[in-house]
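Taken from TrEMBL, the feature ATP binding site covers Gly28, Ser29, Gly30, Lys31, Gly32, Thr33, Arg141, Lys184. TrEMBL lists Arg54, Lys75, Leu76, Val77, Gly102, Phe103, Pro104, Arg105, Arg145, Arg156 with the feature ribonucleoside 5'-phosphate binding site. The CMP binding site annotation in TrEMBL covers Asn109.
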Amino acid sequence: MADAIKNEVRSFPSGKKITVVFVIGGPGSGKGTQCSKIVKNFSFTHLSAGDLLREEVKSDTEQGTMIKNLMHEGKLVPSELIVKLLLKAMLQSGNDKFLVDGFPRNEENRHAYDNIIGIEPEFVLFIDCSKEEMERRILNRNQGRDDDNIDTIRRRFEVFQESTMPVVQYYEKRGKLRRVDGAKSADEVFEDVKAIFVQLNAQANQGSSVSRAQSNPFKRFLDLFCGCFGTQEPTN
């Protein structure tokens, strides 16, 4: 495994603000639909761990062959490798805002992310949807997928409950969870999602204003001077 991931990836420039949001939801909760709307409205780069693994398999590299063999054998791809693919995609995107879809899937993923990338997510968007509603959607979407049968669907629900819900609970305890009702229509869900991202933008803009003020020594002195004497800063 060390040989497969021996190529190290560089990090983001120091001091650069990187915004990461995780999007988590059960199978059929509507993560993909909401991610598309977020990207369109808020200029995030959408990254999916599953898509990155499939792209790597298609690349026909030594690492891609190893991933393909692991998947064929029904084995899990190491979290460290998934996270390094994620970091590589983030660096190559040229963006500084990332929407990471369906990740972390388990506590091992989360630990690997913290150890390798280490950028605290701004929040985790959890699309909360009942098992019955998700099951109905998957069976009705008729995408022709081999895994869209009732037994496989129910097993995926079990895996989500056992592996992913502890991740949701971890971020909820840290005050990082933003829960929306995924049982609504896609447009209604996005109204709730949009409000969360509008608030994120407002906080980012406020932080930028404070940072600019702090970087100007004369402005800080003038604010202090005016405050001490109860006067207002002169305007042009």
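From the backbone N, Cα and C atoms, a Cβ is placed for every residue, glycine too.
What TrEMBL says about a protein is an automatic prediction, not a curated fact.
Feature annotations (TrEMBL) mapped to structure.
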{"residue": "Gly30", "record": "ATP binding site", "Cβ neighbours (10 Å)": "23"}
{"residue": "Lys31", "record": "ATP binding site", "Cβ neighbours (10 Å)": "22"}
{"residue": "Gly32", "record": "ATP binding site", "Cβ neighbours (10 Å)": "14"}
{"residue": "Thr33", "record": "ATP binding site", "Cβ neighbours (10 Å)": "15"}
{"residue": "Leu76", "record": "ribonucleoside 5'-phosphate binding site", "Cβ neighbours (10 Å)": "12"}
{"residue": "Gly102", "record": "ribonucleoside 5'-phosphate binding site", "Cβ neighbours (10 Å)": "21"}
{"residue": "Pro104", "record": "ribonucleoside 5'-phosphate binding site", "Cβ neighbours (10 Å)": "28"}
{"residue": "Asn109", "record": "CMP binding site", "Cβ neighbours (10 Å)": "22"}
{"residue": "Arg141", "record": "ATP binding site", "Cβ neighbours (10 Å)": "11"}
{"residue": "Lys184", "record": "ATP binding site", "Cβ neighbours (10 Å)": "15"}
Rounded inter-Cα distance in Å - the residue listed as 'CMP binding site', Gly102 (ribonucleoside 5'-phosphate binding site): 11
Gly102 (ribonucleoside 5'-phosphate binding site) versus Lys31 (ATP binding site) - Cα distance in angstrom: 8
Neighbour-count leader, CB within 10 A, binding-site residues: Gly28, Ser29, Arg54: Ser29
Spatial neighbour of Thr33 (ATP binding site) that is closest, considering only the binding-site residues Leu76, Gly102, Pro104 and their CA atoms: Gly102
By Cα-Cα distance, the member of binding-site residues Arg54, Leu76, Gly102, Pro104 nearest Gly32 (ATP binding site): Gly102
Site diameter for ATP, Å, by largest Cα distance between Gly28, Ser29, Gly30, Lys31, Gly32, Thr33, Arg141, Lys184: 16
C-alpha spacing of Leu76 (ribonucleoside 5'-phosphate binding site) relative to Lys184 (ATP binding site), in angstrom: 33
Euclidean distance between Cα atoms of Gly28 (ATP binding site) and Leu76 (ribonucleoside 5'-phosphate binding site), Å: 22
